[in-house]
Amino acid sequence: MSETATFPREPLKLSRFIKKHLILGDVKIDYDYRDIFELLDRALVVFQKCPALVDVPAPINVCGDIHGQYRDLMWIFSACGMPYKNRYLFLGDYVDRGPRSLEVIVLLLSLKVQFPKSIFLLRGNHELKNINKVYGFFKELQSRFNCYLKLYDKFNEVFAEMPLAATIRGKILCMHGGLSPSLKKLDDIRQLKKPLVSVKECPLAQDLLWSDPQPGVEGFKPNKVRAVSHVFGEDAVEAKLKQLDLGMVIRAHQAVEFGYAFFAKRRLITVFSASEYNSDLCNFAAVAQIDKELQVSFTQFKPAGYDAHRRKMEKLREREYTQDNEGPLDLLGNLDSTQQEELDDSSGMDDKTQEQD
């Protein structure tokens with residue numbers, strides 16, 4: 001009778017694992033589920049040591065939503081520097097909607113475990129189990145693994161330990177969603193207890209993941225569009241920055257045409273890093289780059305279909321002008337074609353149409 005020899009499986013070698021991702025680029029990777037479980041176990045230990053509010057150094061690259069668009073993650077590293085040589089702060093929403101949620105989150109978790117002092121990952125609203133069960137991540141795991149249920153639960157166990165906010169050198173507050181009427185001092189965030197499986201009973205955590213700035217609003221109002229959390233006005237931004245002794249807020253959560261947008265006299269920045277997010281908004285992706293002096297500049301990625309989309313929108317506006325005999329509004333604004341744009345030179349970005357996410 002022949003015998004089958006079994007050998008112990010080698011531990012996951014993260015340096016080789018990360019290199020494989022960066023070399024292969026935007027392709028579907030055939031993972032061994034055991035590697036992913038090991039990665040998740042190691043990531044869980046790292047995040048359990050993190051408070052709900054982390055302070056990060058500058059310079060640093062700040063990235064918004066990725067949403068499973070692995071090609072955009074590859075572009076970010078190509079344009080802004082490899083992650084083993086540069087600092088990155090990601091503001092959440094790594095999974096759902098896009099075709100490569102698994103590759104995105106596996107690479108980012110690998111980087112966090114390998115480089116815990118230079119790669120920082122915050123939680124977004126799509127790192128909530130009741131959200132990623134519906135918007136694509138669960139189905140992606142189901143289509144790729146027999147043990148998808150255990151993997152799905154393990155991913156969400158890790159998500160529940162992620163920080164909810166970060167400060168850059170104590171002066172720029174970063175989160176996925178936005179400000180909260182429950183936020184009186186930064187210690188309010190630090191004192192949030194993890195793991196946070198659900199945020200329904202925690203208004204502050206809910207707002208950090210879900211709230212939105214909205215022109216014309218005074219203070220904080222219920223967010224009727226999302227049916228959860230709040231919207232807040234320019235006055236709320238100014239008041240909270242003064243109350244918290246901060247200079248700026250950087251958040252994600254909403255797709256904006258040029259990849260970034262200003263609010264409240266440029267005291268709040270929305271950054272979105274998933275390009276061409278949907279057919280109605282052929283948006284740029286962008287990364288906010290914070291230098292040692294806490295000055296902000298932007299690197300943008302223009303999607304291939306943007307010019308055709310712009311021409312289509314111009315034709316629609318011309319048709320509306322002919323029908324209504326009224327001058328068309330320039331909803332798209334003027335585009336600065338340079339890839340790097342200094343904050344002080346930017347214009348016309350405050351009230352760009354935003355896609356709810």
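A Cβ is built for glycine as well, from the same backbone N, Cα and C atoms used for every other residue.
Automated prediction, rather than curation, is the source of TrEMBL annotations.
Remember, predicted model here, so these are calculated numbers, not experimental data.
Some features that TrEMBL has for this protein:
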type	residues	note
DOMAIN	122-127	domain 'Serine/threonine specific protein phosphatases'
REGION	317-357	region 'Disordered'
COMPBIAS	339-348	compositional bias 'Acidic residues'
Residue numbers, six or more beyond the limits of the domain 'Serine/threonine specific protein phosphatases' (122-127), whose CB comes under 8 Å of its CB atoms:
65, 67, 89-96, 135, 137, 156, 159, 162-166, 174-177, 209-210, 252-253
Do you know the mean pLDDT across the domain 'Serine/threonine specific protein phosphatases' (122-127)?
99
For the domain 'Serine/threonine specific protein phosphatases' (122-127), what does DSSP give as the number of helix, strand and coil residues?
3 helix, 0 strand, 3 coil
